[in-house]
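*Asks:* TrEMBL feature annotations, pasted as is:
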ACT_SITE  T187  active site, nucleophile
BINDING   R215, V216, G217, D218, T238, G239, D240, G241  substrate binding site
COMPBIAS  163-181  compositional bias 'Basic and acidic residues'
REGION    159-181  region 'Disordered'
Amino acid sequence: MSDSLNIPLVLNTWGFTNGTAKAWDVIAKGGSALDGVEQGCSQCEIEQCDHTVGYGGSPDENGETTLDAMIMDGVTHNVGGVAALRRIKSAISVARKVLENTKHSLLVGDQATQFALSMGFKEESLSTDYSLNLWKKWKQNNCQPNFWENVVPDPKESCGPYKDLESNKSPRNNTEKSDFGIHNHDTIGMVVIDGSGKIAGGTSSNGAKFKIPGRVGDSPIPGSGVYVDQNVGGAAATGDGDVMMRFVP
């Protein structure tokens, strides 16, 4: 990083100022960039920022909330991430355990949950009245919108279970307007530079509303949710993750 840069520094997506303040407090007291990222994102998980971070938001089509998170060290380029994490609230902290206690970069699903339990995390439901009511209203609206195509019954008119449409399949329409917009794709992405000039980045998200169970979003993918490089800088982004992952450099 440039010697002329005004550090330390905390940047994050959206108006999640309590997360920003938490990260700043950590590095202002001498904590590392990784500490700042973890604690800043964790604050948003606790507060359920905009219901797009942490427990109690964005239920999948079965009504369950699952979490994605990632943390990256800009010095080493090492990454720790979790995706489709079930029944564990502290996704960013589990991601850091992946970073620091394994040689892997990403753990997913029930196996990520088992890893978290082995690291001392508590298993608990990620659903709330808010998330379950969202799901019930979606079901009452014939499961609209959803992420299915080329299946029967017609996913634009009814809920599943769906089966493969064996003939007359349509190619994916990449020009079709996405259901993601300025008010429904928030998540936290954070870049922190600590007092020594070291950079780290991270993300935490409960993913797309009404996603197909098992879906992995952009947030835990390096170069899609966030990327940091000690010699260059860092960036984080949110949006339609299924599009963003197609353009990872």
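Backbone N, Cα and C define each Cβ position, glycine as well.
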*Asks:* G239, G241: which of these binding-site residues has the sparsest Cβ neighbourhood within 10 Å?
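*Replies:* Least crowded of the binding-site residues G239, G241, by Cβ count within 10 Å, is G239.
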*Asks:* Would you list the other residues of this chain near substrate - those whose C-beta lies within 8 angstroms of the C-beta centroid of R215, V216, G217, D218, T238, G239, D240, G241 - in sequence order?
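*Replies:* For the substrate site the neighbour list reads S205, G207, A208, S219, S224, G225, D242, V243, M244, M245.
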*Asks:* I'm trying to understand the geometry here, so how far is the Cα atom of T238 (substrate binding site) from the Cα atom of the residue listed as 'active site, nucleophile', in Å to the nearest whole number?
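*Replies:* Computed Cα spacing between T238 (substrate binding site) and the residue listed as 'active site, nucleophile' is 6 Å.
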*Asks:* Look at the binding-site residues D218, D240 and tell me which residue has the greatest number of other C-beta atoms within 10 angstroms of its C-beta.
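*Replies:* Checking each of D218, D240, the winner is D218.
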*Asks:* State the three-class DSSP label for G241 (substrate binding site), counting H, G and I as helix, E and B as strand, and everything else as coil.
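*Replies:* G241 (substrate binding site) sits in a helix per DSSP.
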*Asks:* So for T187 (active site, nucleophile), how many other CB atoms are inside 10 Å of its CB?
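*Replies:* So the Cβ neighbour count for T187 (active site, nucleophile) comes to 33.
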*Asks:* Can you grab the distance from G217 (substrate binding site) over to the residue listed as 'active site, nucleophile'? Cα atoms, rounded to a whole Å.
*Replies:* 11
*Asks:* Quick one, of the binding-site residues R215, V216, G217, T238, which Cβ has the fewest other Cβ within 10 Å?
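*Replies:* Each of the binding-site residues R215, V216, G217, T238 was scored; lowest Cβ tally within 10 Å is R215.
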*Asks:* Go through the binding-site residues R215, V216, D240, G241 and tell me which ones have a CA within 10 A of the CA of the residue listed as 'active site, nucleophile'.
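*Replies:* Checking each Cα against the residue listed as 'active site, nucleophile', there are no hits.
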